Amino acid sequence: MADVILVLNAGSSSIKFSAFDVAGGALDLAAHGQVEGLFSSPRFVAFNAKGEKTGEHAWAEGTKLEHADAILHLVAFLRGRAAGHSLVGMGHRVVHGGARFTKPVLTNDEVLDELETLTPLAPLHQPHNLKPIRIIAERNPGLPQVACFDTAFHATQAPLAQAFALPESITKQGVKRYGFHGLSYEYIASALPGIAPDAAKGRTVVAHLGNGASLCAMHAGKSVASTMGFTAVDGLMMGTRSGNIDPGVILYMLDELGMNARDIEDVLYRKSGLLGVSGISGDMRALLASSDERARFAIDLYVYRIGRELGSMGAALQGLDAIVFTAGIGEHSKEIRQRVCEQAAWWGIELDAQANDRGDPRISTASSKVSAWVIPTNEELMIARHTLALIEGASA
Ligand code: AMP
């Protein structure tokens, strides 16, 4: 009987899954897919390890599918194909671990209660991340479920890097820079020694450029600073998030534009970034394909903001040995990589244009003072690894 670990990444309107076979300590992706559009037009799709579609289902337009029903659909689908397999544990992506959870943890009622108290720190993600754990625990209380946090990798940052210059009455409530995308950075840190040993040992900035985007300054594989702070809206310009803005703009929106907190949240998280600036799309592919001047300006600003924040990360590291691109835009857009590298030429990055066009792992020339790399991230595998380690630890 082969053991299987199921990884869930649940958001407000979608649940992504990956199933890994545990083969003698190794983890092999067996299936992946998602239920998306939970509250508009729900759709389920599943693929095998080769990327071939193995399952599909669409609910009627306008159906509102609760998370519990989506999970039941998912589990029923996997059960139907699970002959000879046994589910030994589930791993979940949870955005916030707060100050206490700086490592993945086996969940129980007490842990879940505490994680729920962190909802005000990540209201758009935390409740959705936790919901599936409760749903599955009710139906299958004996199944080990592990929560893996996007904040945990940044726990190595010095207090100085995490502090805001605010009064203690506020900072002691947990208001500090946590940093996010930690599972992605942890995966990259784990892959670096095999791909770029000098970058693994040195001062490296990893650019996670997806719908959400951030930079992480790593020294010898440990997080030293990151562009995301108290929430995942800080730092770089993103698909629909603003990235950092003068806090005075928020006061202006409140006092002068008659907006309330929810209106401002909507602007900062869903109507800004590439979408807000271009007025066209938050999707980088769409903007790169557009000849509209506003699309050009949005991309220019996107690249400029990366350059500015790269300077900040380099200062935190006291220099730069390597830069790594990852996530949707970082892995797939040679144009954005080229523009970021050209803008950062003053750091000593010399792009190898042909290697960049091919998407080689190394995209800088052999003589480049700062090396540049493309490494596909794998947050799901990172979660599966943690889940396996905790299950094995618990049964040892
Ligand atoms: P992620 O959140 O990691 O899935 O990344 C999503 C972002 O990657 C979106 O802005 C996509 O437009 C972008 N993306 C994916 N493929 C490409 C591509 N070939 N060229 C440019 N952007 C891409």
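Cβ coordinates are placed from backbone N, Cα and C, and glycine is handled just like the others.
Going by TrEMBL, these are the annotated features:
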type: ACT_SITE; residues: ASP150; note: active site, proton donor/acceptor
type: BINDING; residues: ASN9, GLU379; note: Mg(2+) binding site
type: BINDING; residues: LYS16, HIS208, LEU209, GLY210, ASN211, GLY212, ASP283, MET284, ARG285, GLY328, ILE329, GLY330, GLU331, HIS332; note: ATP binding site
type: BINDING; residues: ARG93; note: substrate binding site
type: SITE; residues: HIS181; note: site 'Transition state stabilizer'
type: SITE; residues: ARG241; note: site 'Transition state stabilizer'
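TrEMBL feature annotations superimposed on the structure.
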residue : record                             : Cβ within 10 Å
ASN9    : Mg(2+) binding site                : 22
LYS16   : ATP binding site                   : 18
ARG93   : substrate binding site             : 21
HIS181  : site 'Transition state stabilizer' : 29
LEU209  : ATP binding site                   : 27
ASN211  : ATP binding site                   : 16
ARG241  : site 'Transition state stabilizer' : 27
ARG285  : ATP binding site                   : 12
ILE329  : ATP binding site                   : 26
GLU379  : Mg(2+) binding site                : 23
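Long-range C-beta contacts of GLU331 (ATP binding site), restricted to its own chain and to partners at least six residues apart, with a cutoff below 8 Å, comprise PHE325, GLY359, VAL374, PRO376, THR377. Comparing the Cα of ASP150 (active site, proton donor/acceptor) with the Cα of every entry in LYS16, ASN211, ASP283, GLU379, these being the binding-site residues, the smallest distance points to GLU379. With a CB cut-off of under 6 A applied against ligand 1, the binding-site residues ARG93, ASP283, ARG285, ILE329, GLU379 are reduced to ASP283, ARG285, ILE329. Counted over all residue pairs in LYS16, HIS208, LEU209, GLY210, ASN211, GLY212, ASP283, MET284, ARG285, GLY328, ILE329, GLY330, GLU331, HIS332, the record's binders of ATP, the longest Cα to Cα distance measures 22 angstrom. Following the DSSP three-state reduction, the secondary structure of GLU331 (ATP binding site) is helix.
Under the DSSP three-state reduction, ARG285 (ATP binding site) is assigned to helix. Reduced to three states, the DSSP call for ASN211 (ATP binding site) is coil. In this structure, GLU379 (Mg(2+) binding site) is part of a helix by DSSP. Checking Cα-Cα distances from LYS16 (ATP binding site) against the recorded positions (ASN9, HIS181, ARG241, GLU379) with a 10 Å cut-off leaves ASN9, in sequence order. Around the Cβ of the residue listed as 'active site, proton donor/acceptor', 27 further Cβ atoms fall within 10 Å across all displayed protein chains. Of all the binding-site residues given, namely ARG93, LEU209, ASN211, ASP283, ILE329, GLU379, those whose Cα is no farther than the 10 Å limit from the Cα of ARG241 (site 'Transition state stabilizer') are ASN211. Using HIS181 (site 'Transition state stabilizer') as the reference Cα, a 10 A cut-off selects GLU379 from the binding-site residues ASN211, ASP283, ILE329, GLU379.
Closest by Cα distance to LEU209 (ATP binding site), from the binding-site residues ASN9, ARG93, GLU379, is GLU379.
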